[in-house]
Every structure is written in C-alpha cells, then in structure tokens.
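Report on the structure given below.
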Amino acid sequence: MKLPARVFFTLGSRLPCGLAPRRFFSYGTKILYQNTEALQSKFFSPLQKAMLPPNSFQGKVAFITGGGTGLGKGMTTLLSSLGAQCVIASRKMDVLKATAEQISSQTGNKVHAIQCDVRDPDMVQNTVSELIKVAGHPNIVINNAAGNFISPTERLSPNAWKTITDIVLNGTAFVTLEIGKQLIKAQKGAAFLSITTIYAETGSGFVVPSASAKAGVEAMSKSLAAEWGKYGMRFNVIQPGPIKTKGAFSRLDPTGTFEKEMIGRIPCGRLGTVEELANLAAFLCSDYASWINGAVIKFDGGEEVLISGEFNDLRKVTKEQWDTIEELIRKTKGS
C-alpha cells in the first residue's frame, strides 16, 4: 500500500450534538472516518419478563413517589405483579387514580393512590401517615419524583433553580427522613432506592439544577446507608442513562433531534427500557439484595465509560484504516 507523506492525527474535542462528527484521521484530502450504525443492539435485546420469582414481594408494602407515569409506573407494575401492596404518590391525582386502577386490574393486587407534593414537608408528613394507615409501614421506598428541563444556565431564574432542587433533593429528603423516623419508632427496617442519573456523578451542562440536586441525593443515600444500617435500613441508587419515556423526552428532547446522537454514544447500541430498569429496581429492593447497601448502580448501556474515554471515538476507524495507521507507526518507530 502506498502511504502518504504525512498523516495528521486530529483528535479534537467532542462537538455538540447535532453537528457533523469530527475528523479523526486526515489522509491527504480524504477523511479516514467510518460512520457506524447501532447494529450491535442485536446482541443486547431487552427481556420484558420479570426477573424475580413469582410472589417475591408477597406481604411487602412498597411506596413509590412519581408512581403515576414513566419509570415509576413501570416499577410499580412489576412490584405489584410480584405480590407487593403498592402505594403511589404524586401531585396529579387524576393520573395517579388511573394508574392505580390500571395496575390493580392487571395484577390483581390493590394499588393505593395518595396525592402528594414532595416539596411540601407538611404534605409529606400527612402522606406518610396515610400510607401507614392504609397499608402499614413500607418495606420498600422508591424515591422517583423528579423534575428537569434543558436550559442554558445563564437563563435560569432563581425560581427555576428552586423548582428543580425542591423536587429532586428536598423532596427526596423529606420523604426519606419522614419515613425513616417512623420506621425507627416502629423498629422496622426497609429498602430505600433513589433514581438519579449518570450526570449526577459526571456533571453536565444545560441541566445544572438537576445534576446538582441528584448529586445531593446520592450523597444523602450513601450517608444514610452508613448511619441507618443499624436500624435495618438499606439505601441504594440507580443512575439510569437514556430511557425513552414520554415525560422525560418531552422536556429533554422535545424535537427528537438528539435520540440518534444518544444511541450513537451507547456501546450497547440502543436506549434502555422501563422494564429493564424495573427489574433492576425490584432486585435491589428484594431480600436477594440484602447485602447491597450504599451502592450506586450505573444503568446506561456503557454510555458513561464511552464518553469518558479520550480515545473511545477510535471505534469508528475501519480495519483498513487501522492497517494504514499501524504501518505508519512502524515506519516512525525510533524516530
């Protein structure tokens, strides 16, 4: 193979979503670059069935915030199908009632609905009292209530910042502390699970209030895992990557522009599913995971490790291009 006099390696910084991919190798006027489709997804087909045995949560009480839609609805559906008595909470009572009736009919187990704005500590206190009254002390607590939207940070008002942090951080704290105190009084344990995001750890522009608040949720969960284990309570976190739900995508990708970009940076080649997340959540809240405490589980198809590695975009280089590169490297050895 005839080689050019020079090859320029231009490993630049990542371009914003929606822009043309950067050039990796310049071969004269020809760009050595390979577009890749997410064909690898065929190796990672999602399973839709329940992972745990039937009746794994028989006799258990589960409390799920944000349980009326999306991920919360998916987790509630699975827990109820496995025998749990579920209580769901959110601000929209009409949505909650419809979800509770649908899941109850589907699984044959009663699902209770309680209206609650987690930003209001008095309302949270009343909700927990009603929860205990209708179902008993919870064995499972899933903090799933969330709020988020994309915006340049310099455009955020104090109220916009407060709205997100009040729901995500303060709301999770109010629910966790109120239920925790009641469990301590009753000398009962429970498994707590919080749903955050991978950028709670890495940080991310344009969702700064959410990233900050969810990082706080993770710190709180790990701290309570250390402090309240003596009371029989476990605290774990799931960091989901992109999972297509109507609510989240309507705010974070309203035009559908970025979905292909998202898939392109996931090694498994597809978005996650609600059912997969529900299976992971159910496992972490089950007795099968009784020795898992203080864990933060990434659930992102490998997205974070791909975008974090400086040279991971070399996956787009073809075998023929690698042959060229290898020959060039051999020629320059010792120079």
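Even glycines carry a Cβ here, placed using N, Cα and C.
Residues annotated as active site, proton acceptor in Swiss-Prot, with sequence analysis given as evidence: TYR199. TYR199 (active site, proton acceptor) falls within a helical segment according to DSSP. Within 10 Å of the C-beta of TYR199 (active site, proton acceptor) there are 19 other C-beta atoms, taking all protein chains into account.
If you look up Swiss-Prot, you'll see GLY66, GLY67, GLY68, THR69, GLY70, LEU71, ARG91, ASP117, LYS214, PRO240, GLY241, PRO242, ILE243 marked as NADP(+) binding site. In the three-state DSSP scheme, LYS214 (NADP(+) binding site) is classed as helix.
The substrate binding site annotation in Swiss-Prot covers ARG91, ARG119, PHE149, SER157, ARG251. In the three-state DSSP reading, ARG119 (substrate binding site) counts as coil.
Taken from Swiss-Prot, the feature N6-succinyllysine applies to LYS42 (among others), supported by similarity to another entry. For LYS42 (N6-succinyllysine), the count of additional Cβ atoms within 10 Å of its Cβ stands at 9 [all protein chains shown].
Sequence annotations record features per position, and here Swiss-Prot assigns N6-acetyllysine to LYS42 (among others).
Following the DSSP three-state reduction, the secondary structure of LYS49 (N6-succinyllysine) is coil. Residues annotated as N6-succinyllysine in Swiss-Prot, with similarity to another entry given as evidence: LYS49 (among others).
Taken from Swiss-Prot, the feature N6-acetyllysine covers LYS49 (among others), and the record attributes it to similarity to another entry. Long-range Cβ contacts of LYS49 (N6-succinyllysine) within its own chain (separation 6+, distance under 8 Å) are none.
Following the DSSP three-state reduction, the secondary structure of THR69 (phosphothreonine) is coil. Sequence annotations record features per position, and here Swiss-Prot assigns phosphothreonine to THR69 based on a large-scale study or a structure entry.
Non-local neighbourhood of LYS73 (N6-succinyllysine): GLY67, THR99, ILE103, VAL274, each in the same chain, at least six residues away, with C-beta under 8 Å from its C-beta. Taken from Swiss-Prot, the feature N6-succinyllysine covers LYS73 (among others).
What Swiss-Prot lists as N6-succinyllysine is LYS97 (among others). When Cβ atoms from all protein chains are considered, those within 10 Å of LYS97 (N6-succinyllysine) total 15, not counting its own.
The N6-acetyllysine feature in Swiss-Prot is assigned to LYS97 (among others); the stated evidence is similarity to another entry.
According to DSSP, LYS230 (N6-acetyllysine) is assigned to a helical segment. Taken from Swiss-Prot, the feature N6-acetyllysine applies to LYS230 (among others), supported by a large-scale study or a structure entry.
LYS244 (N6-succinyllysine) counts 15 other C-beta atoms within 10 Å of its own C-beta, drawing on all protein chains shown. The N6-succinyllysine annotation in Swiss-Prot covers LYS244 (among others) and is backed by similarity to another entry.
DSSP assigns LYS244 (N6-succinyllysine) to coil, not to a helix or a strand. Marked as N6-acetyllysine by Swiss-Prot on the basis of similarity to another entry: LYS244 (among others).
Residues annotated as N6-succinyllysine in Swiss-Prot, with similarity to another entry given as evidence: LYS260 (among others). Taken residue by residue with DSSP, LYS260 (N6-succinyllysine) is part of a helix. In the shown protein chains, 12 other C-beta atoms lie within 10 A of the C-beta of LYS260 (N6-succinyllysine).
Annotated N6-acetyllysine per Swiss-Prot: LYS260 (among others), in sequence order.
In this structure the alpha carbons, written CA, of SER157 (substrate binding site) and GLY241 (NADP(+) binding site) are 27 Å apart. PHE149 (substrate binding site) falls outside any helix or strand according to DSSP and counts as coil. If you take the CA of LYS244 (N6-succinyllysine) and look 10 A around it, the recorded positions you hit from GLY66, GLY70, ARG91, PHE149, TYR199, LYS214 are GLY70.
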